[in-house]
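What follows is a single structure, written as structure tokens, with notes after it.
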Amino acid sequence: MRLVLLGPPGAGKGTQAAILSEKLGVPHISTGDLFRANIGEGTPLGVEAKQYIDAGKLVPTDVTARMVESRLNEDDAKNGFLLDGFPRTVEQADLLEGILAKQNATLDGVVEFRVAEDVVVERMLARGRADDNEDTIRTRLHVYRDETAPLIDHYGDAIITIEAEGSVEDINARTMAALEALAK
Ligand code: AMP
């Protein structure tokens with residue numbers, strides 16, 4: 001199954017993706033995790049990305065899309081994936097379509113995790129990641145509203161909306177039920 005996971009920062013996409021990855025047997029590909037791994041290893045990509053991530057801004061699309069394309073071309077992603085954090089703009093969505101077209105593949109769906117803004121701020125402050133301070137959180141929420149939320153219209157009927165407040169288990173059960181309905 002080839003799925004994109006959408007939702008504001010702090011929506012719990014990463015947590016849900018880890019569980020779904022296990023249940024569906026497809027890799028969880030998170031652009032944020034890939035960037036953080038590159039930063040940790042001090043690669044040129046990591047050095048370039050860090051300044052944007054620390055400011056809560058988007059890393060330039062050419063750099064990001066190249067990283068995603070090479071990851072999607074790895075063997076474990078050939079039959080499916082959960083893409084978490086990409087696309088984040090309509091331009092990136094078009095690039096993703098092009099990357100998949102080269103593999104003769106298309107998305108099966110786009111899961112939108114819907115959460116109220118005060119809940120996501122609370123969750124982000126609680127997890128304490130390096131880019132989770134109040135200023136950066138505010139910037140990331142703006143970026144989400146302005147650049148990423150338009151993807152919900154862009155994907156139209158492919159969107160599967162999940163109410164993502166409550167326990168991790170409940171949210172996972174809702175997501176699995178929605179994906180089972182999709183598979184029928
Ligand atoms: P995340 O772990 O998804 O919250 O991503 C952390 C940070 O990585 C974001 O705030 C951006 O700076 C950067 N990032 C992740 N995915 C993308 C993307 N698709 N395009 C541009 N920047 C990204």
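Residue 1 is the first one shown; counting continues down the chain.
Each Cβ is built from the backbone N, Cα and C atoms, and glycine gets one as well.
Since the structure is predicted, the reported quantities are computational estimates derived from the model, not experimental observations.
The ATP binding site annotation in TrEMBL covers Gly10, Ala11, Gly12, Lys13, Gly14, Thr15, Arg127, Gly166. Residues or ranges marked as AMP binding site in TrEMBL: Thr31, Arg36, Lys57, Leu58, Val59, Gly85, Phe86, Pro87, Arg88, Gln92, Arg129, Arg140. Positions annotated as region 'NMP' by TrEMBL: 30-59.
Structure with TrEMBL features highlighted.
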residue: Gly10; record: ATP binding site; Cβ contacts under 8 Å, 6 or more apart: Val115, Val119, Val120, Val121, Glu122, Arg123, Met124, Arg127, Ile137
residue: Ala11; record: ATP binding site; Cβ contacts under 8 Å, 6 or more apart: Phe113, Arg114, Val115, Val120, Arg123, Ala164
residue: Lys13; record: ATP binding site; Cβ contacts under 8 Å, 6 or more apart: Leu5, Leu6, Gly7, Asp84, Gly85, Phe113
residue: Gly14; record: ATP binding site; Cβ contacts under 8 Å, 6 or more apart: His28, Ser30, Gly32, Asp33, Asp84
residue: Lys57; record: AMP binding site; Cβ contacts under 8 Å, 6 or more apart: Thr139, Val143
residue: Val59; record: AMP binding site; Cβ contacts under 8 Å, 6 or more apart: Phe35, Glu48, Ala49, Tyr52, Ile53
residue: Arg88; record: AMP binding site; Cβ contacts under 8 Å, 6 or more apart: Thr31, Leu58, Val143, Glu147, Thr148, Leu151
residue: Arg129; record: AMP binding site; Cβ contacts under 8 Å, 6 or more apart: none
residue: Gly166; record: ATP binding site; Cβ contacts under 8 Å, 6 or more apart: none
What does DSSP assign Val59 (AMP binding site), in three states?
-> coil
Using a 10 angstroms cut-off on Cβ to Cβ distances, just flag whichever of Thr15, Phe86 is the loneliest among these binding-site residues.
-> Thr15
Ligand 1 is in the model; which of the binding-site residues Ala11, Lys13, Thr15 have a C-beta less than 6 angstroms from one of its atoms?
-> none
List of residues, in chain order, with Cβ under 8 A from that of Gly12 (ATP binding site) and at least 6 apart | Phe113, Val115, Arg123, Ala164, Val168, Ile171
Tell me the Cβ neighbour count for Arg127 (ATP binding site), meaning other Cβ atoms within 10 Å of its Cβ, over all protein chains shown.
-> 10
Which value in Å gives the longest Cα to Cα span across the AMP site residues Thr31, Arg36, Lys57, Leu58, Val59, Gly85, Phe86, Pro87, Arg88, Gln92, Arg129, Arg140 as recorded?
-> 25
Could you give the Cα-Cα distance between Phe86 (AMP binding site) and Thr15 (ATP binding site), in whole Å?
-> 16
Specify the count of other C-beta atoms within 10 Å of the C-beta of Thr31 (AMP binding site).
-> 21
